[in-house]
Every structure is written in structure tokens, then in C-alpha cells.
Amino acid sequence: MLLKKHAGKGGGREPRSEDPTPAEQHCARTMPPCAVLAALLSVVAVVSCLYLGVKTNDLQARIAALESAKGAPSIHLLPDTLDHLKTMVQEKVERLLAQKSYEHMAKIRIAREAPSECNCPAGPPGKRGKRGRRGESGPPGQPGPQGPPGPKGDKGEQGDQGPRMVFPKINHGFLSADQQLIKRRLIKGDQGQAGPPGPPGPPGPRGPPGDTGKDGPRGMPGVPGEPGKPGEQGLMGPLGPPGQKGSIGAPGIPGMNGQKGEPGLPGAVGQNGIPGPKGEPGEQGEKGDAGENGPKGDTGEKGDPGSSAAGIKGEPGESGRPGQKGEPGLPGLPGLPGIKGEPGFIGPQGEPGLPGLPGTKGERGEAGPPGRGERGEPGAPGPKGKQGESGTRGPKGSKGDRGEKGDSGAQGPRGPPGQKGDQGATEIIDYNGNLHEALQRITTLTVTGPPGPPGPQGLQGPKGEQGSPGIPGMDGEQGLKGSKGDMGDPGMTGEKGGIGLPGLPGANGMKGEKGDSGMPGPQGPSIIGPPGPPGPHGPPGPMGPHGLPGPKGTDGPMGPHGPAGPKGERGEKGAMGEPGPRGPYGLPGKDGEPGLDGFPGPRGEKGDLGEKGEKGFRGVKGEKGEPGQPGLDGLDAPCQLGPDGLPMPGCWQK
């Protein structure tokens, strides 16, 4: 395929006359897959390198941020730093000891010399008191004055229709005009009934005020209104007494195993862990073969002058490899005569020779220093001596360090009940609008009186457990050397001791005068003295041949533990612990004494307007009004119309 492509691209070139070999054909067939695989591998390698580089940079940045946030760089403890740290620790320990001793020291209270009366200035006004209880209803008041007259009552309803006329209908045509008198007498009868009421007259003058009517019957109670909106949150009330301990509830039913939750989000990066303990030293490796001697290096340039301060001591270097065993050297030249040796050690004592002739008595030599013999055996104890007189009392010793506070002892028995206190002031304070004076009077009433006499001593509680031993204190300064004590009385003479061991030989005495020559004694055996000390070492011989590596040595014993390091600085405050279990309920407290009656509170604000009540019952009918003005004459008065709009029946017949 590749050959065909090249041939196609060449265009004008002539095709190869020779056929490709089988190796070339195989290469041509396998080249594209190999190239693709190599390209993929190279791309994967580049991507992995980039990914690892990014991750490494990210990790280094996080470590640097954590170190800077923690602010705990490595500290190399130098001698100056150790001394400074030691002084700081000592000062801190002394401060803690002084604080503890001051807290546990008995404190003396001095009696007050202030008078029993209160001379304190008035304090600031307190908070607004709670609303007082509702007072009892007062007695009924006196009857009030007569009220003004009420308004005019409503117009009354129309009266019932009156009866018709009872007179028959008469024809008056038979009477002549001359007989008017007779006509009048015949026609006029008795006074008729009152006609229908006339039209309403003009309004009359205002009448005198009427009496106040009686109160109507009490109306029915109104429908309860809608519940009001919840008010603002009030102040927190006083803490109630602790309730009694509830009974132990029944054990709950064990819950079912919950389903596995979704995996949580990755947590925040944790802090650097505490460095692990130092690992144990590994086994000593086998010795390697000695390398060949390298060529000698060039002479180095002269170094800069170093500082005069002593450098840090380097770690001991590794032991060098053993040199090759040298070949035996040629015999050396005879050495120079050695230095005269020191006199040899004294040889063993020879056998005693034959006794010589007695010499003349020499002069007495000076006494040598007394030799210190070995300690003799202890003698038998002497008889018990009489008891000596009691010595004078020594000075009072310094106060020892106070031990730690022991565990609290068991609660003692309850003491007898105290006497009943005096009754508090119960007078009611009327402040009359002056709040400052009322507060001053309350302060005067509630001032604490002088302290009463101390109560009887309670029963002695049981002895507490022995406290743990206190921390050993710092070594005190060395005291002055005391004066030499008086010499004690000589003891009883002990029994004579046994014969002591022979003492050391005394010092050589002065050389005596030469005695007379004695008779020649027999020749004693000749004793050869010990050999003299070895001569000085000769020069080192040439290096021997390289020896075989020795066997692996056994591990050396573990070195001793180093001294304890100085106390570290106080660590940072740890995280907040989880809340502990709920403690048992406390016993109910005693009922408190009733407080003083508070002064009346201020007048409350005006309440909201109530809802409109239901319509009351109809009132009593009012009194009859004054008579109206007389109406018009009956003949001239127009007929009153009925409900149908026509004149009333009988009116038009007049």
C-alpha cells in the first residue's frame, strides 16, 4: 500500500523494476499499527507526567499553607535556647506554686467598722415591676344627680277608625227658607263624637326637661369575639423549681437497620499528623569489597578564614575498611642500642640465710610515721547508757509545701433547722407619682442588717481520703553550714579488741652506722631478677596482603536511654468536646419566702374599642306628650284620605 501511494505521488517517476522483499512487505503491513500504538503510548506518558506534576505542585502548596497556618517551624535546641527554656519553665512553676498556695491559704476577715445604718447613696431606679393583682371591688357609690330630660318620643301609631253616624238620612227639602230657626233646631242634635285627628300642627315650644327613664333590662351577653393575635414575646419569667426525677422509661424497640446512605462529600484536608516514633536501627549491612585506590587529587585552594566560634561537632565517621594484609617485609637493620631500662620489680623474698654473727647495737632510729592498719573486727556492744537530758528545742523549721487538695469528703448530716427570722416589712408604699422616693424607701427597708452572731459549730465530718502525693518541689538553695555541735559524752569503754592484722610496713628509717664486718657467710643461691621493660617500638612494617572479609558481627547492645527532654510549651486548646450525658435531676428546692407587697403599678394604657353589641330590647313606651293645638273646624277641614287614596268614608257626606 505504501509503495503504491509513493508511486501515485511521483507521477512522472518510473516504477521500481525490482519487487519488494518479504521483509519490506511485512514492515509495510505492520507499520501503521505500530506507529499508532507508539503515538498513543507517548501521549499517555505525557498526560500522566503533566497530571503528576500538577498534583505535586498542589500538594506542595497545601503543605506550605498548612505549615504557615500552624506556625510551628522546626526548632533546633541550642544550649542558649535550653537555658532560656529552663528559666521560663522555672518561673512558670514558681508562679503556679505561689498561686496555689495563695488560694489554699487561710484568709482572715477583719470585722467591719462601718455603722449598722445604711449610708450608701441611692442606686439607680430598678426595672419596671410586674403588674399588681386586681383590687377588690369597692362599695356602691352614692346616687348621682338627676339627669337632663330625654329626647321627645316617636310619633304614636294611628288610632282605630271611629263608628259611623247613627242618624238616618233626612230630606230637608220640605222646609222653606223662612223657617230657618226651625230648620236649625230640627237639624242640630247632640254633640257628636270627636272627629278624626287633624293634621299635625306647627312645632310647639320646647318643653321642660323630662325625668330620666328607668334603665332597660340588661341585654344578653354578646357573642365572644374572635381570638386576638398573639402578642409580642414577654420577658422571661423566673426560673421554676427543678422538677422531680421522672421514672425510668421502658426500653425502646430496637430500630431497623437503616439503608446505606449515599457517600458523603470529601472532608477537609486534615492537619499534618504527629511525626511517628523513631524507627529501630536496622541490621548492620555486610562489609563491601575494598575499592581500588583512586588517583591522588590536586591540591585544593586555601579556604577562607573560618569564624572563631566552635563549629557544631560532626557525627563520628564510619570506621574505615581494614587494609590489605601486607607481604612480610625484609629483615630490618639492627636497631640502635635501647635506652637503659628502669630497675625491675622487687623479686620474691629469698629463703632465709644462715644466721650471721650478732652485730653491735646501732643507735635508735627516729620513729617512723604510724602505719594505718586494717580495720579491726567490731567489738562487742557495750552496756546501754543512761538516757541523756532533753536538749533545747531547735528553731522552727520552714513551712513545707502544701499538699494537693484531697477528695471532697462525704456530705455531713443535716444541721438542726435555724430559728425563724423576723417578719419583714409589709407596709404599703404610696409613691404618689414620685418613683425616686419610693425606690429610696424600698432600699432603706431592704438593707441587709448587721451580721448575726456565728452559729454553733457543726458536727465534725468524716476524715477525707488521703490526697495524692504532691509534685516534688524544686531543689532549695543550699543552707549555710551549721556550727559544730557540742562534743558528746564519752561512751563506755569497750572490750579489748582482738589482735589486729599486721600494719603496713613503715617508712625506711635513717641509714644506721656501718657495723663491724661479720664473718663471711655461706654463699647463697643466685636468683635471676625479672626481665626489664620492653624497648621502644620499631618502625611499622610494609602493608600486608589484602585479607578476606571477616564474618558479620553481632548487633551491639542497645544504648542507654537519653535524658528526658525539657517540658514542651503548652499546646493549643483542643477542640470542643462532645456534650456529656445529662446529669440526674436535682432535689426540689425549698419554697421561697413571700416577697414584699409592691407599690401600685402605673395606670395601664387605654384598651382597644370593643365590638358593637347586639340591639337591646325595646324600651318602655314614653309618657304621653302635651296636647297639640286645636285643629280646624270640621266643615272646613279637608277629608282625610284613606290608604286607598280616597276620602275617609262618611267625611264627604257632611
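The backbone N, Cα and C atoms fix where each Cβ goes, and this holds for glycine too.
When Glu67, Glu94, Glu113 are compared in Swiss-Prot, the pyrrolidone carboxylic acid (Glu) annotation sits on Glu113. The region 'Interaction with amyloid-beta peptide' annotation in Swiss-Prot falls on one of the ranges 29-36, 77-84, 101-108, 181-188, namely 181-188. Taking DSSP states H, G and I as helix and E and B as strand, the compositional bias 'Basic and acidic residues' (603-626) has 0 helix, 0 strand, 24 coil.
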